[in-house]
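J.: Per TrEMBL, the features are:
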- 1-27: compositional bias 'Polar residues' (COMPBIAS)
- 28-41: compositional bias 'Basic and acidic residues' (COMPBIAS)
- 1-41: region 'Disordered' (REGION)
- 91-110: transmembrane segment (TRANSMEM)
- 117-137: transmembrane segment (TRANSMEM)
- 157-175: transmembrane segment (TRANSMEM)
- 187-207: transmembrane segment (TRANSMEM)
- 213-235: transmembrane segment (TRANSMEM)
- 247-265: transmembrane segment (TRANSMEM)
Amino acid sequence: MATTEQPTNLDTSSNNVTANGNPSTHQQKLDEATRGMSHEEKAAATNAARFGYGPLAHMRTAEGALLPAFGGEFQPGLYKPVEGRKFANPAPLGLSAFALTTFVLSLINLNTRGLAGVNPIVIGLAFGYGGLVQLLAGMWEIAVGNTFGGTALSSYGGFWISFAITLTPGGFQVVSTIESEGGGKAVLNSLGLYLMGWFIFTFILLLCTLKSTVAFFFLFFVLDLAFLMLGIAYLRPVNGEPSPGCTRAGGAFGILAAFAAWYNALAGIADTSNSFFIIPVAHFPWSEKGKASRAEKRDIEHQA
């Protein structure tokens, strides 16, 4: 008595094509099964159905699904969704803390309403919101497994705390100590090197956003320019004061960074349950999401 091996999974659809003579139905099923896959994964799935690779095929499963880069989650690349998350997405909180503190300082750097120089209101924000709250958000990012978000938010939280400690009037006497030992020029050079260090760190993070979204990359790009301009302002003083032109340029880039951070924060907060619109996020063409979109578009054109 002859026996017939029972085909499984996608291979069943391949055999049905031969038996039923309806390739369009098979193609529709295959398209549904591979929707959302990259071009390489879709090719692997097609070959698996055709040649019987079975479980050895390189296919994305529900357990291993990866989400595309998203500034609202502070994720610069493909990432695994957090299963059974016990608390909310911490990225918008950290982004908002960074944005507001940067916004106020940048307005002062632009000499808005004659408020040039370090204003005590910034010190309070730097300690409480830009510092403490952003540092906590960074720790929560580490708890959800986001290395980039944890590193960035915790570091910039530390930046604001160290900024406030250094410039607290009559507090920790950091500036007065430097001035008593090296004069006013030493203070300017010290602050300039401090800002240049943050320029280098931000540039490192910027490199990690090249395959993310335009808004996410733009945030770190303008922030990096803000640190650069402010660093130059202190290292190239005019009449013993930070260069007014470079300071204003740093303030302008800081304003852009603040609004970019708020934009990414809103993208992480707004959804169909609380907003009438969803914030658009544009992926770079060379990102994984961009490649998958182009591959899907090509497949649709080939089927037409």
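Placement of Cβ uses the backbone N, Cα and C atoms for every residue, glycine included.
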J.: Considering only the recorded stretches 117-137, 157-175, 213-235, state which has the highest number of Cβ pairs under 8 Å to the transmembrane segment (247-265).
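T.: By Cβ pairs under 8 Å, 213-235 leads among 117-137, 157-175, 213-235.
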J.: Same chain only, please: residues at least 6 beyond the ends of the transmembrane segment (91-110) with a C-beta under 8 Å from a C-beta of the stretch. Say none if there are none.
T.: 71-74, 116-119, 121-122, 125-126, 129-131, 133-134, 136-138, 141, 146, 149, 153, 156-157, 160, 223, 226, 230, 247-248, 250-255, 257-259, 261-262, 264-266, 268-269
J.: Would you mind listing the long-range same-chain contacts of the transmembrane segment (117-137), meaning Cβ under 8 Å and 6+ residues beyond its ends?
T.: 90-91, 93-94, 97-98, 100-102, 104-105, 108, 153-154, 156-158, 160-161, 163-164, 167-169
